[in-house]
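Novice: Right, I'll just put the structure down here and ask away after.
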């Protein structure tokens with residue numbers, strides 16, 4: 001049985017990452033394992049910034065946003081020599097397995113280490129909710145509340161000025177955060193990678209609302225779909241209504257994690273340790289139908305796809 005494990009957070013931070021680290025540390029210590037924290041993700045792993053953690057190391061972190069271990073982008077980890085040095089650093093401390101908390105990019109690093117013979121378990125931590133093999137990722141629901149709060153505030157001022165507002169939401173190539181926040185926030189139109197951008201339909205929908213006497217309209221837009229400010233100008237030119245774009249940006253990644261994210265992160269952290277004790281490696285954990293599951297990390301990255309929530313898109317269309 002393994003005796004020492006490491007844990008790191010990688011990629012964009014997400015509320016609940018601290019709770020996940022805490023779950024890993026305390027579950028491992030309860031089962032008689034030693035735990036080492038790696039600071040600043042794969043970069044810190046390569047630079048040997050590794051420190052032994054205790055129960056008190058993770059005291060008072062469950063309610064904190066961000067990640068106390070830190071995170072960093074480190075594209076150099078694609079280099080096999082860099083990964084070999086990382087593995088050497090792990091072995092120097094006697095670490096036999098690694099828990100990686102992050103999104104798809106972080107999983108790729110874990111996959112590469114697994115292929116080089118070092119067992120890793122991936123935990124999905126990203127507000128984008130774009131990781132395969134799980135219904136929800138850590139941080140998603142906290143970010144959802146942040147976006148909804150912003151939409152509520154935009155609705156107030158948009159109504160006062162009879163204005164059209166575009167709110168740009170994170171998500172990269174996944175529209176889950178935009179979709180759910182649009183439904184919960186009562187937006188009038190949604191643009192995501194799953195729906196595509198249809199300008200004529202958008203203008204027709206807005207004009208229909210104006211004709212019916214609506215004082216405002218809120219358009220929820222997933223980042224990278226189009227330039228939000230250019231779209232605002234286009235809408236204003238076509239409708240004659242003042243239109244403003246609000247890019248929420250990194251505010252979506254911060255803040256205290258919700259109860260759901262804290263519990264999800266704690267469950268996933270403890271489950272990752274359980275898998276390592278059972279001798280599993282090269283896996284990623286998830287939650288499906290409220291049950292903890294695990295998948296081959298290579299299969300999750302290369303073959304598994306997140307299902308499109310057609311039922312929710314249909315609901316959104318009816319409600320808008």
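Including glycine, each Cβ sits where the backbone N, Cα and C put it.
Just lifted these from Swiss-Prot, have a look:
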type	residues	note
ACT_SITE	128	active site, proton acceptor
BINDING	12, 73, 74, 103, 104, 105, 106	ATP binding site
BINDING	22, 23, 24, 25, 26, 155, 186, 187, 188, 212, 214, 215, 216	ADP binding site
BINDING	104	Mg(2+) binding site
BINDING	126, 127, 128, 163, 170, 171, 172, 223, 244, 250, 251, 252, 253	substrate binding site
Novice: Per DSSP, residue 24 (ADP binding site) is which: helix, strand or coil?
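Specialist: Helix, per DSSP.
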Novice: Can you grab the distance from residue 172 (substrate binding site) over to residue 128 (active site, proton acceptor)? Cα atoms, rounded to a whole Å.
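Specialist: Each residue's Cα considered, residue 172 (substrate binding site) and residue 128 (active site, proton acceptor) end up 7 Å apart.
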Novice: Greatest CA-CA distance (Å) over the residues 12, 73, 74, 103, 104, 105, 106 that the record ties to ATP?
Specialist: 14
Novice: Nearest to residue 73 (ATP binding site) by Cα distance: which of the binding-site residues 26, 186, 244 is it?
Specialist: 26
Novice: Just jot down the residues in the same chain as residue 22 (ADP binding site), at least 6 apart in sequence, with C-beta under 8 A of its C-beta; none if empty.
Specialist: 58, 61, 62, 265, 266, 269
Novice: If you measure every Cα to Cα distance among 126, 127, 128, 163, 170, 171, 172, 223, 244, 250, 251, 252, 253, the residues said to bind substrate, what is the biggest one in Å?
Specialist: 32
Novice: To the nearest whole angstrom, what is the C-alpha distance linking residue 251 (substrate binding site) and residue 12 (ATP binding site)?
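Specialist: It is 12 Å, counting Cα to Cα.
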Novice: List only the single closest residue to residue 216 (ADP binding site), chosen from the binding-site residues 103, 104, 244 by CA-CA distance.
Specialist: 244
Novice: If you count other C-beta atoms within 10 angstroms, which of the binding-site residues 26, 214 is the most crowded?
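Specialist: Output for this query is 26.
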